[in-house]
Amino acid sequence: MTTVTTANESATPQEHEHHGPEKGIKRWLYTTNHKDIGSLYLWFAFIMFLTGGAMAMVIRAELFQPGLQIVEPHFFNQMTTVHGLIMVFGAVMPAFTGLANWMIPMMIGAPDMALPRMNNLSFWILPFAFAILLASLFVEGGGPAFGWTFYAPLSTTYSGDSTALFVFSVHIMGISSIMGAINVIVTIWNMRAPGMTWMKMPLFVWTWFITAFLLIAVMPVLAGAVTMVLTDKFFGTSFFDAAGGGDPVMFQHIFWFFGHPEVYIMILPAFGIISTIVPTFSRKKLFGYASMVYATASIALLSFVVWAHHMFTTGMPVYAELFFMYCTMLISVPTGVKVFNWVATMWKGAISYEVPMMFSVAFIILFTFGGFSGLMLAITPVDFQYHDTYFVVAHFHYVLVTGAIFSLIAATYYWLPKWTGVMYDIGLAKAHFWCSLISVNVLFFPMHFVGLAGMPRRIPDYSVQFADWNQIISLGGFAFGLSQFIFLALLIKACRKQGEPVDAKVWDGAEGLEWEVESPAPYHTFTKPPKID
Amino acid sequence: MLKRDSNAQQKANNKIVARLALVVVCMFAFGFALVPLYDVFCDLTGLNGRSIQRADAGLTADDLTQVDNNRKVKLEFVSFSKAGHQWRFSALEPVVRVHPGEMQNVRFTIENTSSETAFVQAIPSVSPGQAGLYLHKTECFCFEQQKIEGKQKVEFVMRFYLDSALPKDISQMTLAYTLYAVDGNTTARVN
């Protein structure tokens, strides 16, 4: 393990060292460079985040007052559906893939991803997938309006012809994710620098490695589910049609067999990010590294046996409900291990609150809120009350917005100086933090109350008793949406290199190979493998 | 970990890619395999009230003599016809109370108010789902497709008994029939 390594003897990487990126649009179209592709993914995800956010604004504007004011119910349904699809498949997942592209090779001391051409392909099919999905909103009969979960028979019997476009775009997204995941696994498996043993890998790498396995296990199942919807709708099969011997409840089983691991696909890399940032600004080693790795793996394994907790009200026998209830609650044990480890890392640390740390601490607290409401939803008898109410909406937005999205923002503030070579505008960053933190809670916290009081989700109108809270929620929503333009302004400034130049090691407490290369990170890094003790 | 030249690296990469691609293909197939697995699982456990869509072959004289006179079970019959069709589908005895083991007849009528001949199939569902295992039908219009001429009303008899092994805690059950249109492909489609 202590082999002193010399330059890679093959000629190709050395040739590359002499020229930088191509100029103009061709650089981005033909690039096989992991940093370029990472940037493409991140910008794409951010654009999708704003697009999906605009749809959320439509939803909140309609719900500002009871009654129907702004949009038709059918268009409202399209907004809730496409908002969900875009945020899950267009914002959160590509953003994590972008971070993986940027950071994993630098963290493990590899010159690039293992399969650079496939990397290019897996990004460049994404814009087409979302162009198709967004275009479907403009065809006759409107876009998908059956919820992002596309339950049969809503998506088969009662959907419009644009369902074909929806299915096709989900297929492309799936292929893109699968290729991305294969690339991550091969890179981590084969391209680690000499001495980078499994248990020396940074946690972001570990969590992504496990996430990638989840992706290749469940994205094909999603592809199968949308294919069945397609053939049921257009080719006369009866997978989900009782008249032909099928069963619509089976759709829910297949969908959630994909869907539950999917929620961990969207949060495990976030755990990796927080496990990287908290030790840096606590100036301590991460508490319980090995337990973090095992906890991540246990969460991933358990995620395959809890899917039916999304379906408690479909009429399962009591013993099945108990099984899924206990398995679901079991997941809070490894998740709890993680939260306690983060807190223990901060314990007696020399903490300083730089912006990435502020978002990370907010993540730990607010993600835990989301975790607790998840635990409440896991309890079968009370789930009958909470099912399909705004309580569920509050729950998954706490884990996805203040969880996944906050971790992505924290990661951006953490590594952005490494990417651009300049320190971003800290004043703007702090403004972004406080505006987001306050507005996100005004936005999502009252949803618990209206949900418990019985307000159903995915409905454009509501009973007048919910009017006050909905007005507050909508105001929080608009504020949260506007706050993200602070982030956009900051990103544009940073990418134009407006700011103080930074050293290789941007944060004094930071550890890891990415801080050993200069800032901004050169186009090619670690063409000679680094030495790791 | 040894230093690798790029050819060996390539080979090692390809090996993993091939394996992972195989996993992807298998998981895609698994998604479809869930369909028959789901049926098998439901048949074995009686979940979903799906095990009742056939005449009971294993009917012996013994089953019928073991009438449990100590309890009565309330059975409700619910009938729906799929939206968008001009059928009237009703149970003539919407509620019956039976002793487990006792043979019982109930009647249903299907009226086709349109002038065209309809081909229909009734799909049953029992709740609570587990009770489906104990409902034995010896004769039912739901076993096959029915042809109803235009402007015609047809009466059907459903003959069934409840297994005396029906768990004691089930004192009430519902049998819901939904009437679907069937064509040559035996698929129903609305609109």
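Along the chain as shown, residues are numbered 1 onward.
In case you wondered, yes, glycine gets a Cβ from its N, Cα and C as well.
Keep in mind that what you see is a predicted model, and the values were worked out from it rather than measured.
The compositional bias 'Polar residues' annotation in TrEMBL covers A:1-13.
If you look up TrEMBL, you'll see A:28-533 marked as domain 'Cytochrome oxidase subunit I profile'.
Here TrEMBL flags A:1-22 as region 'Disordered'.
For A:40-61 (among others), the entry in TrEMBL reads transmembrane segment.
Per TrEMBL, transmembrane segment is recorded for A:81-102 (among others).
Look at TrEMBL and you will find A:123-146 (among others) tagged as transmembrane segment.
Long-range contacts of the transmembrane segment (A:166-191) within the same chain, counting only residues at least 6 positions beyond its ends with a Cβ under 8 Å from a Cβ of the stretch, are 85, 89-90, 93, 97, 100, 104-105, 108, 110-111, 113-115, 118-119, 121-123, 125-126, 128-130, 132-133, 136, 143-144, 150, 155, 201, 205, 208-209, 211-213, 215-216, 219-220, 222-223, 226-227, 229-230. Annotation source TrEMBL lists transmembrane segment at A:166-191 (among others).
With a threshold of 8 Å between CB atoms, the same-chain residues lying at least 6 positions outside the transmembrane segment (A:203-230) that come near it are 96, 99-100, 103-104, 107-108, 150, 152, 155-156, 163-164, 166-167, 170-171, 174-175, 177-178, 180-182, 184-185, 188, 237, 239-240, 251, 254-255, 257-258, 261-262, 264-265, 268-269, 271-273, 275-276, 286, 289, 292-293, 296-297, 300, 303-304. If you look up TrEMBL, you'll see A:203-230 (among others) marked as transmembrane segment.
Taking Cβ pairs closer than 8 Å, the transmembrane segment (A:250-274) reaches residues 88, 92-93, 96, 99-100, 149-152, 202-208, 210-211, 214-215, 217-219, 221-222, 224-225, 228-229, 239-240, 292, 296, 299-300, 303-304, 306-311, 314, 338, 342, 360, 363-364, 367, 396, 399-400, 403-404, 407-408, 410-411, 414 in its own chain, all 6 or more past its ends. Positions annotated as transmembrane segment by TrEMBL: A:250-274 (among others).
The annotation transmembrane segment is assigned in TrEMBL to A:286-310 (among others).
Sequence annotations record features per position, and here TrEMBL assigns transmembrane segment to A:322-343 (among others).
The transmembrane segment annotation in TrEMBL covers A:355-379 (among others).
Annotation comment: TrEMBL describes A:391-416 (among others) as transmembrane segment. Sequence-distant contacts of the transmembrane segment (A:391-416) (same chain, at least 6 residues past either end, Cβ-Cβ under 8 Å): 42, 45, 49, 87, 91-92, 95-96, 99, 102-103, 263, 266-267, 269-271, 273-274, 276-277, 280, 354-357, 359-360, 362-363, 366-367, 369-371, 373-374, 376-377, 424, 429, 432, 436, 440, 443-445, 447-448, 451-452, 457, 487, 491, 494, 507, 514.
Taken from TrEMBL, the feature transmembrane segment applies to A:428-449 (among others). Here the transmembrane segment (A:428-449) has Cβ contacts under 8 Å with residues 355, 358-359, 362, 366, 373, 390-391, 393-394, 397-398, 401-402, 406, 409, 413, 469, 472-473, 475-477, 479-480, 482-484, 486-487, 489-490, 493 of the same chain, all six or more residues outside its ends.
The feature transmembrane segment is assigned by TrEMBL to A:469-492 (among others). The list of residues near the transmembrane segment (A:469-492) in space but at least 6 beyond its ends in sequence, with Cβ under 8 angstroms from a Cβ of it, reads 46, 49-50, 53-54, 56-57, 60-61, 63-66, 409, 412, 416, 424-425, 428-429, 431-432, 435-436, 438-444, 446-447, 449-450, 455, 462.
Outside the transmembrane segment (A:322-343) by six or more residues, the chain places 271, 274-275, 278, 286-288, 291-292, 294-296, 298-299, 302-303, 305-309, 312, 316, 364, 367-368, 371, 374-375, 378-380 with a CB less than 8 A from a CB of the stretch. Counting only same-chain residues 6+ beyond the ends of the transmembrane segment (A:40-61), those with a CB under 8 A from a CB of the stretch are 28, 31, 69-71, 76, 79-80, 82-83, 86-87, 90-92, 94-95, 97-99, 101-102, 123, 126-127, 130, 134, 405, 408, 412, 473-474, 477-478, 481, 484, 488, 491. Sequence-distant contacts of the transmembrane segment (A:81-102) (same chain, at least 6 residues past either end, Cβ-Cβ under 8 Å): 34-35, 37-42, 44-46, 48-49, 51-52, 55-56, 59, 113, 119, 122, 126, 129-130, 133-134, 137, 143-148, 150, 170, 173, 177, 180, 184, 204, 208, 211, 262, 265-266, 269-270, 273, 400, 404-405, 408, 411, 415, 419.
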